[in-house]
Every structure is written in structure tokens, then in C-alpha cells.
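Each remark here refers to the structure printed beneath this line.
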Amino acid sequence: MDDKDKRMGEETAFGEEPKNDSTYDQALDAVPQFYVDHSTADGHSGKDQLTIDGVIDIPWKYRIPAFCMILVWGTGASFADITIGPLKSTLIRELKINNTQFGTINTAVNISNTILPIIGGMTMDYYGGVRCAMAFSLCCVAGSVLAALSATTGRVGLLIGGRVLMGLGSVVVETTQYKLYTHWFSGSSLGLVIAIDLAWISVTAVCARLAAVPMSRLNGWYGWALWIPVSLTVFSWLAVVGYFILELRMPEKYRPSNGAKLRQMAGWGGVKHALKGLTRLPMFYWIFAGTELFQNSARTVYAANLADIQEKTRGTSTLAAGYNASLQNVVSIVLAPMIGIFFDRFGWRTPFFSLSAALYIIVFALIGLTKVNPTGPIVLSSIALAMNVMPCTGSIPLMIPEEDLIGTAYGTWSAFIACNNVIMEIAAGRIQDSTPGKGYDRVIYFLIVVKFVQFCLGPIYDYLDGKLLGHSLRRNEKARIAMREEMRERGEWFPGWRVSRRAFYVFGTQLGLMILASWVLYLTYTVGGLGK
């Protein structure tokens, strides 16, 4: 090994050489799940079952039914969540609230997710994904029932409480989905599978936005728009139960990791090891999660207010605005899988950060600062949506060296997004309330500034990808796996895979401050009532 290779194994982006760090040594010595040789029970190596990435080549007769069931786990909660946006004017009128208070209702799904996804991610790494999914799917059912009761009783608190509970369940279920996708499809079509998942979310979003206003007019009562989604959350829970039965009936060698090794550690050893998951997350992951500040939340604020923006700026009727808003997910239904295939075959993930940001800037300006027909910018936003979500969600498994950390990684990522959503949505509502005539001009300028930051981040991510991950994000799936195999044979890891205490302290502190800010803002505008 030459001096350059040695330096690659020792240096970090923060100039650290943590030779005496036990956490660092533990992470460095661990063999990534990607490279484990799953030997058969009789001692054979089972090489005929291995892909070039070192992962068992699971038969498609197990993969396809597993994927179909996992795909719909979050459908009910997503449908129930998305119906709120098109009902903004209805809820403000019926519940007698202002825009800032609606922001707290809309973001109630996120407030509990500022902390609990991290715990949920570590829990699923310890107990296994499907067990956590069954438990937290029930939270989605209970939360949707509680939210629906608010329409029956007229109590805003029930709507907020129900959405908090539903948010707790949905984010853990979503994290479980990505963890299981990584198990079933890593080394083959992971990008495509995640893209199909995102496309299905878009289908759900289109249906929810199209159905929201008509449901609210059934028998002249808006409450049906909250009660009907309850049945979908029950359906999603039944899909989790069906997957659990399927997993029990398949050969053990094909099943996902259920945390058995951690639970077999003496005493609290396994629990402590799982709880240290945050400290074991690699450097590049922390840099990425910490710098994607407010980027996903900018599109969330846009999507939640799109129908109301049309009503305010163009005089569009509530029903027509809801129909138009549903178009923002139509193109992504087809485009997301195409982008997934592109990533698997060609790579080049990082340029999509800048490209999607540029498209969103154009969309925000057209929809909020002009009176052009909304169809054009809304369809353009559907293209931007697919380009924005896929690089983020699909790249995280490439940053994580161990399958047992996937749950913690996605859980922490969800916590970052939840904090961003709470801060952004409440801030946007406050900005709108302070605007003369309660228009959207200042909100739009705010969103444009946020997306301009993301436009600048694209080249920075590409540079760091080359320096710390050997351009893993730029490579296609085959080349990326071949590079990993070559490094494994040399006994090396990417610098970006290494544990960095400084990265953990810097971005962990940032996350802690964001959690604190989220709760202060949320309690201020719900319990304190200062947003009135």
C-alpha cells in the first residue's frame, strides 16, 4: 500500500487522527454488512447466493411480495396528512384560527418527530424493523382517529394531538421502510426501488389532494375529510401484519437483520451499543444531514400553501385550487422511477441538488409573484420534486457502511427534516400574518433565498463526495460496488465513512439546538397563544 493509500485511511475532513478513540476503533474494525459472507447452516460459503456487493442474492419470489407490502405501509398516514393542505381555508373558517395557528396544525405531524425518530431508528436496529413497524402503525391509526374526532367535537386540540401521534408513527414506519429496502435490494436496484416508493407517495398525494375538498363537502360536513383516511391507516397496519407473516415463513437466511446479535450481548451491552448508534454515524453523513438546512422544508411549505396561494393571488375557487395543487405530484409519479434508474445505471446524484433548486426558484417566482396560469409552474414543481427528493433519500445508504446503522441514520435524518419543517412552517405562517393583506410575497422571497442556498450546495457536495467517498455519489451502482470491493480487499475504508467526534459534536449540537427551537416555537403558537 503506498503513502497515498495510507493517508486515505488516516485523514479526515476535520484534520483528525483519532487513533485512541475507542468508538472510532470500534467503527473502523467492524465489517460492513455489505461485505458479510452469509454462509449456509451446513458450513458452505454459499457463494452462488452472493451478489458482487457481498449481499445474499434473495430470490425474487420473496423480494416482490415483500416490496409490495412494504410499499403501502405509509399510505394511510400520508393520505391523512396531505388532506390538510387543501383544507386550509376551510379549517381556518371552521375552527376560527389564523395562518400561524394553521402552521402549527400542519406541522403537528413533525413536532414529535424532532426527537422520537432517532430513538425509533435505534430501536429498530435493536429489535428489527417489522416489530417496530407493527407497533408504530397502530400510532398512525390512533392518531388519525383522534384527529377525526376534532371535527366531531370542534376542538382544535384533538386535531393537533392526533396529528402529533400520527406523525410519531408515520416517521418510524417510513424509516423502517428504507431500512428494509436496503436489505432486500442493496447491490441491485436500490435506487429504482426507492424511486418507486417515492412515486407511490406521489400517487397518494395526488389522490389525497384531489379527494380532500370533495370529501369535505359530503353531506355538507367537512369532517368526512378527516374520517375517511382512518380506514386507510387500518389498511396500512394490516399490510405490516401481512409482511410479518411472510417474513416468518421464508428461510431464515433471507430475513432482514432483527438485532439478535445486539440483544445477545451480555447485560446492557447490546442496548448501550444500539444507543451509541448516533456516535457511530460516519462523518460524511453528519456533514450532509447538517448542511441540508431547510431545503426539504421549503418545498413542504410550498406544497402545504399551494391551494391557498392560488385563492389569494388568482381568486381561484377552493375546489379548483385543490385540483390544481394535485398536479404537483403527477409528473413525479413517472419521473421518480426514471431518475432511480438513471442513478443505478449512470450515477451523478449531486448535480440534481442544484438543478432541482433552480427549478424550485422558478416555480416559486411564477406561482407567488406573477398571475400566470398556475398549471405550468405546478407541473414544473412536480419535476423539481422528483429531482429534489431522490438524491437525498436515495443517497443515505451510500453514506452508511453498516446495515445495522441504517435505521439510526434514517431516523436522525427524519429528525433533521422534522425540525426544519416545524421552524419553516411556523416562520412562514408568521411572515404571512405580518404581510399587509396577509399575502404571500414575503413568504415567496423567503423560500427563494432558501433554495438559492441549495443551488450553491450541489458543487460543494460533489467536491466532498470526491474527497471523502471516492465519488460514490457520482458513480453508477456497478462501478460503486466494484470500488467498494476493491477497497475491501485492500482493507481500507473511505475517509467519509470514518467516525469523527468533531463532526458529531458540531452537527449533533446543531440538531439539539434545532430541536429546542422547534419546541419553543411550537409551544409558543399553540399553548402560549402568542400567534393570535
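Quick reminder: no glycine exception, Cβ is built from N, Cα and C everywhere.
For reference, TrEMBL has these:
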type	residues	note
COMPBIAS	1-22	compositional bias 'Basic and acidic residues'
REGION	1-23	region 'Disordered'
TRANSMEM	132-151	transmembrane segment
TRANSMEM	157-178	transmembrane segment
TRANSMEM	190-212	transmembrane segment
TRANSMEM	224-246	transmembrane segment
TRANSMEM	321-343	transmembrane segment
TRANSMEM	349-369	transmembrane segment
TRANSMEM	378-400	transmembrane segment
TRANSMEM	412-431	transmembrane segment
TRANSMEM	443-461	transmembrane segment
TRANSMEM	503-525	transmembrane segment
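A contact between the transmembrane segment (503-525) and the transmembrane segment (349-369) is absent, since fewer than 3 of their C-beta pairs, 6 or more residues apart, lie under 8 Å.
Stretch with the largest number of CB pairs closer than 8 A to the transmembrane segment (378-400), among 132-151, 190-212, 321-343: 321-343. Among residues of the same chain six or more beyond the transmembrane segment (443-461), those with a C-beta under 8 A of the stretch's C-beta atoms are 288, 291-295, 297-298, 301-302, 305, 350-358, 360-361, 364-365, 367-369, 424, 427-428, 431-432, 435, 473. For the transmembrane segment (224-246), the residues of the chain that approach it from at least six positions outside its boundaries are 62, 65-66, 69-70, 72-77, 79-80, 83, 87, 130-131, 133-134, 137-138, 140-141, 143-145, 147-148, 150-151, 159, 166, 173, 208, 211-213, 215-216, 218, judged by C-beta separation under 8 angstroms.
Same-chain neighbours of the transmembrane segment (321-343): 85-86, 189, 191-196, 198-199, 202-203, 205-207, 209-210, 212-213, 303, 306-308, 310-311, 349, 352, 374-375, 378-379, 381-383, 385-387, 389-390, 394, 476-477, counting only residues six or more beyond its ends whose CB sits under 8 Å from a CB of the stretch. Packing against the transmembrane segment (349-369) from elsewhere in the chain are residues 295, 298-299, 302, 306, 309-310, 313, 339, 343, 376-378, 380-381, 383-385, 387-388, 390-391, 394-395, 440-441, 443-444, 447-448, 451-452, 454-459, 461-462, 465, 473-474: each is 6 or more residues past its ends and has a CB under 8 Å from a CB in it.
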